[in-house]
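Copied from TrEMBL, the annotated features are:
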| type | residues | note |
| --- | --- | --- |
| BINDING | A:297 | protoporphyrin IX binding site |
| BINDING | A:332, A:348 | heme b binding site |
| DOMAIN | A:61-220 | domain 'Dyp-type peroxidase N-terminal' |
| DOMAIN | A:228-421 | domain 'Dyp-type peroxidase C-terminal' |
């Protein structure tokens with residue numbers, strides 16, 4: 001260690017910005033260290049995506065009906081402690097850190113000097129100066145929080161919501177254990193890739209000794225401004241989502257009510273995450289017309305087949321002059337449509353992922369041995385009850401969807417995402433304290 | 001296939017934009033199909049990163065001294081053909097497609113109708129409407145183009161530049177074959193992740209039957225505007241790069257001259273790519289002061305140890321009151337400094353990467369079995385001659401750099417990056433035709 005006088009930190013970079021934090025509506029404690037420039041200009045739904053700030057505290061957690069940011073990092077952790085108090089302490093620490101991070105702060109106050117004392121810094125520092133970037137942090141609870149291997153580790157088994165079911169095995173599932181499941185869930189979304197990962201990394205570090213990373217995954221979404229984004233298959237994705245601008249739709253399909261078995265979940269939601277690898281090389285060689293039959297939509301306009309505009313209604317009854325359905329029987333848009341699923345809807349908030357390439361040896365003709373993209377979709381869907389939402393919808397899709405020729409579900413998880421926290425309280429307080 | 005009249009494509013989306021293409025200075029052929037909105041507003045170095053356009057044709061290839069965009073996708077391919085004409089045809093097709101893509105176009109003109117005929121579309125369509133996003137595409141030639149397994153497949157063995165050496169094995173190298181090497185190199189950089197990947201994906205597809213993907217890797221760079229970006233270790237990265245604004249520095253250290261053995265490389269460069277995994281979990285637990293000793297810089301300011309400001313000169317001779325060097329002997333900044341390397345400099349243009357997590361079983365105490373980040377640095381460095389650039393610098397670093405405790409080189413490649421192409425010609429024409 002050098003014994004020279006360390007240079008003083010730049011005040012410009014690390015001024016306390018309590019005023020700005022209050023202005024952003026977050027009930028933060030004192031000592032918020034964050035780039036002044038970011039906080040001073042930060043505002044909700046800023047025209048500048050780097051300066052956008054989303055609230056952390058509230059009736060619902062952010063990151064569910066929040067307009068989708070351009071990047072995400074999702075992660076699941078497994079609890080390694082046997083002590084209920086450790087879990088509560090972790091959730092308190094996560095809540096406080098997430099509140100700071102979402103408002104453009106560091107996970108904890110940085111040391112006063114530039115050259116540190118002999119402690120590890122409370123924040124990795126890689127997001128310094130990047131701005132809040134609309135960061136949201138959303139936490140969820142997996143089945144393992146309530147009971148694991150038949151053991152009620154934290155006295156919570158009786159409070160497990162009936163809606164937090166273990167997902168069934170779906171037709172074609174090829175799940176990889178280390179990309180599946182998890183006791184705790186963190187979803188960070190932001191308009192910058194490093195900001196999203198930075199948040200999860202600090203939170204995972206706060207969990208050392210209490211919970212360990214099970215899987216983590218970066219995702220992205222490149223939307224033409226104000227339009228429905230296209231996924232890596234080149235089709236617009238999310239056209240038929242229920243409108244987040246309609247509270248009655250959100251209350252019906254997304255937000256959990258106050259069920260007798262889990263009153264603490266009121267205002268929360270249930271989230272399903274699936275890692276869906278897509279064989280892009282194979283897909284790219286398909287005829288354009290066939291691709292459109294698979295989706296049931298035109299590729300460039302996004303219109304349902306036979307229609308002109310993206311938001312034209314999907315008419316599942318329409319037939320061509322030979323009496324065949326215009327929207328094919330096994331097309332994705334038909335099978336996933338509300339009308340095919342007893343009126344069920346789920347709120348999809350998915351991201352593409354791109355983990356480079358891997359070398360694969362295929363076990364079927366023509367026995368290719370080649371480098372293939374490890375890319376696809378981090379499917380994320382929120383719903384008031386998976387038993388009427390994702391599960392029946394995906395059971396139908398897994399059996400009949402023509403798209404299955406090009407997709408493989410390799411990761412899967414389900415979480416109860418509790419309601420938002422009040423300032424001074426913490427995420428999940430209702431589960432532990434009422 | 002439906003026999004209905006397909007809807008006409010939206011003219012708004014796919015008007016030919018020849019005028020705009022000419023304005024952007026690219027000698028494109030006819031039939032450029034691209035979102036009109038993007039091309040009409042596109043301009044070099046636009047204040048709006050989505051609308052920025054970089055030139056494709058020119059004395060040098062773009063993407064080398066181009067101000068660094070926020071995302072990259074780099075890939076290497078292996079040639080599978082034995083015919084020289086196939087290689088030339090591929091380079092011609094790549095040149096034409098890259099010229100279109102960088103100006104905001106699709107890889108080739110899209111079909112006229114929305115519902116296609118029975119052909120696969122010439123472009124995957126996932127970047128439609130996203131704008132040019134400052135896309136650059138840079139091509140390179142690996143040793144395998146000149147000779148492979150002792151075989152001179154294309155009559156080029158005698159034209160291999162002496163500077164295109166096979167990289168030696170460096171101390172600590174843990175190279176994975178399927179992330180190492182490659183006959184051909186594509187680097188796409190853009191201000192949008194999907195736009196960068198889209199470019200490589202179209203180009204890889206054009207290579208079907210001639211060359212096959214060997215490895216691909218996405219990367220990102222999150223810079224506070226106008227400041228040196230921080231890497232995932234939280235330190236500013238690139239402070240000591242030679243200035244791209246100084247042509248004499250670029251001519252000395254980056255651009256290849258007209259050597260007797262490879263006159264066709266004049267105006268090109270030699271590019272080294274290394275995939276460097278960083279054990280972020282371990283790094284995050286290090287004392288801040290120790291992290292600074294490893295780098296030889298202060299973390300928050302970026303100043304050399306003992307100095308106040310990022311761009312203060314690195315004084316390797318300075319000693320503290322006990323006579324010890326202020327910048328530690330084995331610090332990264334000392335070992336990589338020009339003064340420690342016979343005056344050599346290389347132009348680093350690296351990106352972070354983040355491929356989620358993997359489950360590792362460590363083969364050393366304490367024998368951890370855990371999920372760890374698969375994240376780190378896609379190190380990219382350009383130089384006029386690797387024999388005086390990357391190789392001696394990295395030999396020293398690989399032996400002595402304290403940072404090696406936290407980094408593992410798992411991928412490696414070297415390429416001769418030829419000069420830019422003239423409109424009507426193609427990348428590498430000088431190699432094949434003079």
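From the backbone N, Cα and C atoms, a Cβ is placed for every residue, glycine too.
On the structure: features taken from TrEMBL.
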| residue | record | contacts (Cβ under 8 Å, 6+ apart) |
| --- | --- | --- |
| A:297 | protoporphyrin IX binding site | A:235, A:236, A:239, A:303, A:304, A:305, A:333 |
| A:332 | heme b binding site | A:294, A:295, A:296, A:397, A:401, A:402, A:403 |
| A:348 | heme b binding site | A:237, A:238, A:241, A:379, A:380, A:381 |
Overall pLDDT of the domain 'Dyp-type peroxidase N-terminal' (A:61-220), taken as the mean:
95
